[in-house]
Amino acid sequence: RALLCSLFLFHQVTGSLDDCACDVETIDNFNNRNLFTKLQKLLSSDYFRFYKVNLNNPCPFWTDSGHCGLRDCAVKPCTANEVPEGLKSNSHKHSLETSKHTEECEMAEKLGAVNGSLSDETRQALLEWNRHDDEADRFCMHDDEDSPHAQYVDLLLNPERYTGYKGPEAWQIWNSIYEENCFKPYTVQRPLNPLVSSSRKGFYRWLEGLCVEKRAFYRLVSGLHASINVHLSARYLLADSWFERKWGHNVTEFQLRFDEELTKGEGPKRLRNLYFLYLIELRALAKVLPFFERPSFNLYTGQPEQDRENKELLLGLLHMAKSFPLHFDETTLFAGDKKEAAKLKDDFKLTFKNISRIMDCVGCFKCRLWGKLQTQGLGTALKILFSEKQIETLPQSSSSKPSFQLNRQEIVSLFNAFGRILIVFTIILELQSGF
C-alpha cells in the first residue's frame with residue numbers, strides 16, 4: 001500500500017514547469033534514456049570520485065552545540081597512498097601544457113635550483129592557473145582547497161544517506177537558509193516550519209509576487225532540499241544490529257516529506273522544484289562545453305590514457321546535454337534595468353555565498369560533506385550561466401590569459417551535484433518497479 005501511495009505521488013508531478021518552457025515528461029525521458037549511465041561511469045573515475053574538503057571549519061553564524069556522535073555521521077578521509085599522485089601534486093591542473101610546465105617548476109624547486117628558463121608568457125600562464133578566479137565571479141565561498149585542514153574524501157566510500165542526524169539542530173540549518181537567505185520577509189511564515197507555528201495561507205501569494213530571479217532562487221533552494229531528502233529516504237537505515245546493517249527505501253519517511261495530503265500540498269511542489277534545479281544544472285553543462293572542448297584542457301590525474309578516455313566521455317556527455325530540446329532560458333534573469341539588475345545579481349551572489357557558509361554549521365560530518373559539495377555544485381552552475389560571454393571568448397591555448405576559469409573543486413562538485421539529481425530520478429523508477 002505504501003508503494004502504491006508513492007507511485008500515485010509521482011503521477012501527481014506532471015506537466016509543464018513554472019518559469020520554463022519545459023515539462024516533467026520531457027525531462028524524465030531525456031534523463032533516463034541518455035544521461036544517467038554515462039555520468040555514473042564518469043563519476044566513478046579517479047578525477048571525479050576524490051573531493052578535497054575541510055570539514056573542520058567553525059560555524060560562522062552561531063555557536064556550535066557539538067558534532068553528531070552517531071557513527072554514520074563520520075566521514076572516512078583518504079590516506080596518502082589512496083589518492084592519485086596527479087591529484088595530490090596539483091589538484092587544479094587542467095591543461096596539458098600547464099601540467100608539463102608546473103612539473104618542471106616543481107622539479108626545479110626540489111633540486112634547489114633557480115628556475116630562469118620559463119618565458120614571461122609561461123610564467124603568466126602558471127600564475128593564472130595557480131590563482132583562483134576573480135572572487136566577484138563566485139557564488140560560493142572557496143576556502144577548502146588551500147586549507148591545511150582539508151582532506152581528500154572518496155565520495156564512493158562515503159555515500160549520501162540517512163545518518164540519524166535530525167531534530168532541532170538539523171532544522172536550524174534549513175530555517176536559517178529559508179528564513180534569512182531566500183529573500184523572504186519575516187512577516188511571511190513558511191508552511192510546515194517545525195520551529196514556528198504557522199499557516200500556509202498567503203505564502204504562495206507572496207512567492208508568486210516575487211520577481212522571476214528571487215522566485216527562481218527560492219525554487220533552487222527548495223529543489224536542493226528535496227534532492228537531499230529523497231536520498232535520505234531512499235538510503236535509510238532499515239536494520240541495525242550486531243549481525244546486520246541494512247540500508248534501503250523507507251517509503252513511510254518519503255511520504256512524510258512529499259505526500260500531498262501529509263504535507264498539506266507541499267510535497268509535489270518540492271518535487272517540481274527538484275525538476276527546476278535539474279534544468280538549471282543541465283543548462284550550465286550545455287553552456288560550459290567550450291571550456292572543456294579546448295585542446296589544452298585535460299582531466300589531469302597523472303594517468304594519460306585514463307585522462308584521455310575521461311575527457312572523451314565528458315565531452316560526449318556535454319554534447320548530449322546540449323541536445324536537450326527545452327533548455328531553461330537564463331536570459332530571462334537579470335534582464336531589466338541594468339543598474340537594478342546588477343544590484344539584484346550582487347544580492348543573488350551574496351545570499352548564495354551565505355548559504356554555502358551555513359554548510360559549515362551542519363553538525364553531521366557526512367551531511368556537511370554532501371551539503372558543501374552540492375551547494376558548491378549549484379554555485380558553479382550559476383557562475384557558468386552568468387559567464388556566457390567569457391566562455392565564448394576563451395582562448396584555445398593555455399598560455400593565454402583565460403577570462404573564465406573553473407578549478408578542480410568546482411568541476412568535481414558540478415558533475416557530482418548533477419549526478420545526485422539524476423540518481424533521484426532513478427530512485428523514482430526503483431519505487432515504481434517495486435510496485
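Here, residue 1 is simply the first one shown, and the rest follow in order.
A Cβ is built for glycine as well, from the same backbone N, Cα and C atoms used for every other residue.
Keep in mind that TrEMBL annotations are predicted by a computer and have not been checked by a curator.
It should be emphasised that the depicted structure is a prediction, and the values quoted were computed from it without experimental measurement.
TrEMBL lists a disulfide bond between C364 and one candidate from C361, C367; that candidate is C367. Between W174 (FAD binding site) and C73 (disulfide bond), the C-alpha separation comes to 18 Å. The recorded positions shown are C73, C364, C367; of these, the one with its CA atom nearest the CA of H225 (FAD binding site) is C367. Each residue contributes its Cα atom, and for S222 (FAD binding site) and C73 (disulfide bond) those atoms are 23 Å apart. Every protein chain considered, the tally of other Cβ atoms within 10 Å of the Cβ of C367 (disulfide bond) stands at 25.
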